């Protein structure tokens, strides 16, 4: 089957489980998780929008992270829910590439926003007197737009690379969405060069914000350890706790899934790890950032009072 015929055919998304008895329970679980993700992240955005005291760089990035999480999850979960109740479980060739594009673009934007938030904490803790100058609104907007631009260019490059492949044998994708590794496994083209390009380019795009986060926290740790009082150290570290938790959840699963050769790809393990950063992390973010954040709690109470008044 050549490229032309592949483009006019469908892929079959195997999903999380091929057991018919598991389809309805899985639908219920992921539908509830999707609703929680939507409600939680929308609340974060509304709280930040309506509370003027939260119009700061940290909450600017947090509101954009919540918006990206909404979009990121919506690219994957609704199609997965439809397939759980469907007999066919198909996705068109073009639909697969479109899903792959937005998945990568939004996922990478998330990682760059996490890096921007790490820089914000670095400036706030290490050079607090220069915070307003360094993290001025125009620069924050530039950081956000730069994150979006780099991520979309990365996604476009990857999708154009995938569109050059031929698929001659099975069209069954052993995953619940069109991810790079399971689609590469189906190709009858020589994917060795594609794998090298994908790995190299992924290292450049994903590792850059990760190294930025790592460097920021190393600087923060060094600065905090110089604080003489234990209370001062705890106060400084507590401002980073929520962000660091999200970083560990997000990057831990991503590193496991993507930074391995294609020969080490494991269907079951990769599905579980992918669920972590595509569904669980976006759902947990609002709770992680609100449960230990007095500003968000105060803003939430203010929003509730405004709705009831």
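The backbone N, Cα and C atoms fix where each Cβ goes, and this holds for glycine too.
No curator has checked TrEMBL annotations; they are predicted automatically.
Given the ranges 26-50, 101-125, the record in TrEMBL names 26-50 as transmembrane segment.
Distant neighbours of the transmembrane segment (271-291): 16, 30, 33-34, 36-37, 40-41, 43-44, 62, 65-66, 69-70, 72-73, 76-77, 103, 107, 175-177, 179, 242, 245-246, 249-250, 252-254, 256-257, 297, 300; these residues of the same chain sit at least 6 beyond its ends, with a Cβ under 8 Å from one of its Cβ atoms. Looking at the domain 'G-protein coupled receptors family 1 profile' (40-289) alone, the prediction's average pLDDT is 85. Remote same-chain partners of the transmembrane segment (141-161), defined as residues 6 or more beyond its termini with a Cβ less than 8 Å from a stretch Cβ, comprise 60-61, 64, 97, 100-109, 112-113, 115-116, 119, 180, 194, 197-198, 201, 205.
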